[in-house]
Amino acid sequence: MAALYRPGLRLNWHGLSPLGWPSCRSIQTLRVLSGDLGQLPTGIRDFVEHSARLCQPEGIHICDGTEAENTATLTLLEQQGLIRKLPKYNNCWLARTDPKDVARVESKTVIVTPSQRDTVPLPPGGARGQLGNWMSPADFQRAVDERFPGCMQGRTMYVLPFSMGPVGSPLSRIGVQLTDSAYVVASMRIMTRLGTPVLQALGDGDFVKCLHSVGQPLTGQGEPVSQWPCNPEKTLIGHVPDQREIISFGSGYGGNSLLGKKCFALRIASRLARDEGWLAEHMLILGITSPAGKKRYVAAAFPSACGKTNLAMMRPALPGWKVECVGDDIAWMRFDSEGRLRAINPENGFFGVAPGTSATTNPNAMATIQSNTIFTNVAETSDGGVYWEGIDQPLPPGVTVTSWLGKPWKPGDKEPCAHPNSRFCAPARQCPIMDPAWEAPEGVPIDAIIFGGRRPKGVPLVYEAFNWRHGVFVGSAMRSESTAAAEHKGKIIMHDPFAMRPFFGYNFGHYLEHWLSMEGRKGAQLPRIFHVNWFRRDEAGHFLWPGFGENARVLDWICRRLEGEDSARETPIGLVPKEGALDLSGLRAIDTTQLFSLPKDFWEQEVRDIRSYLTEQVNQDLPKEVLAELEALERRVHKM
């Protein structure tokens, strides 16, 4: 059968005979259900025709992105039993997936390059690497050959031209996704700019090729159409950065099937960024305006479950301060002609974790998801609404709950009503505090970059890096508390450098070199780098810092540091606020001594753990500048 990818060859989309494709099925026998293949740019038409020969769909639908098309897509999904209307809200829908298809599958997510070391550093002694999964071109070819021939039989192949970033922005990039999932079509219309305007902007330009199949062909054997289509045993998400291709099979869940998100916007884009001299990062972007009217833009990288969306949509507790959201998950950043680092949010929507979202933790998110939203794997209330752990809303009398598994549920039940990774997919424009410049084609100027993690002990509320090189080291050493899969293991501290550990598109050592190289750019105005930790606890296990809207007090100090205020003192790990420099007015008593303490025994162990991780996981690819920063920290901690 014809294969999408051939090892060692750039795929020839402009005529298949040189690669010796067997004839599968003439494209003329396929029904084009919507759109005109002949009007597509040559590169896209070749991509569609070859993929159709390979996957053998029943018909082809070229998406135009219109409201009428979206309505028809949602109606089709409802008729197939894949989504349910939520009458409590305006144009909101609920999808329930197969319980085996609920999250990103890191173990089945691979980067394909000729050399393993292009993708991942090689730990000493053949130890298992934790910084990505490499697959050889030959193995990947076999995997594609086993999965894709005929995989769309009985289904429609949708052609989705989409722009990551505002259409026409010099910072944006275009992709074309082929998929047999109408759920993906409806979700991608929210998460990206999708349709005819993208084709017009692309012309004959380059685009990232994205092929996705749920991996469950309908061969006329009486398969139930209401069952969530997926193929968990054969799930594979492959990235071929040299060819700018993404190939995903077997999963309908967001991170595996909405290929514009982590696959394109981080894994492929981080490689594009390295090749072209920019940055593609797992970061929120927010604008913050002081009471005096001074506005700054900040990018921040946090691992999962550390409040990235909450910070991006924060309602500041400090009077007179205003936060506006540019993006909550991904930042593409490039230096302009004047040396300013400018950032866009390449996404068009929010794909947020539902549990824990409430009017208390994130009122702006709750306002965003009242209309035009697709919910996945949350619970449903009998009055046509949604429900999840931490929604902080009492159930009205007589209202019952159906869990994400379709079973009756009541408060106090042992099992959660919503899956822990359940999601809302909502248009960004509906957020009440979207920044006026969130779609500015030139991007917004970044003044500070913040790293952070969930650290119950030892790490202070906020500190500033000494300089850019030290800041890159701080990002490389990021760690965060995570709940282990096995319950009895309790909480463990995981390394998550730059909050990018699952998303690197190339060797992390080379990624560090790329970040370090920014310092050598002529005229570059480098942002200051900070580290925050909202999650430190006292001996009794209580949080030392109230978090949420009170985090504006930390942003206030960061902004004053950017203005050159002398409000920091030097410590072995970085610059922390001087006594009284944080505005704590109106707060209950905060134990700042404990909040900013640096226990020597903790930091001695911390630097041992960081050294072990970097020397083992990055090994020979660890830049000498990062190793020098580690050694300098070791010396400073030794003198504490």
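Heads up, the Cβ atoms here are built off N, Cα and C, so glycines get one too.
Record check of SER115, SER248, SER597 in Swiss-Prot: the feature phosphoserine is attached to SER115. ARG104 is the only one of ARG104, ARG561, ARG569 that Swiss-Prot places in the phosphoenolpyruvate site (with GLY255, ASN421, ARG423). Of the candidates THR42, THR71, THR402, THR592, Swiss-Prot marks one as phosphothreonine, and that one is THR42. Of the listed candidates (LYS209, LYS234, LYS262), Swiss-Prot assigns LYS262 to the same Mn(2+) site as HIS282, CYS306, ASP329.
When the residues THR196, THR571 are compared with Swiss-Prot, the one annotated as phosphothreonine is THR196. Per Swiss-Prot, the annotated phosphoserine among residues SER51, SER304, SER476, SER585 corresponds to SER304. Around LYS457 (N6-succinyllysine), taking its Cβ as the centre, 16 other Cβ atoms fall within 10 Å, counting all chains. With respect to their backbone Cα atoms, CYS306 (Mn(2+) binding site) and PRO355 (GDP binding site) stand 13 Å from each other.
Long-range Cβ neighbours of ARG104 (phosphoenolpyruvate binding site) (same chain, at least 6 residues apart, Cβ-Cβ under 8 Å): TYR253, GLY255, ASN256, LYS262, PRO502. Among the recorded positions SER115, ASP329, PRO355, PHE548, the ones whose Cα sits within 10 Å of the Cα of ARG423 (phosphoenolpyruvate binding site) are PRO355.
Burial estimate for the recorded positions (THR42, THR196, SER304, THR309, ASN421): highest at THR309, by number of other CB atoms within 10 Å. ARG423 (phosphoenolpyruvate binding site) falls within a strand when secondary structure is assigned with DSSP.
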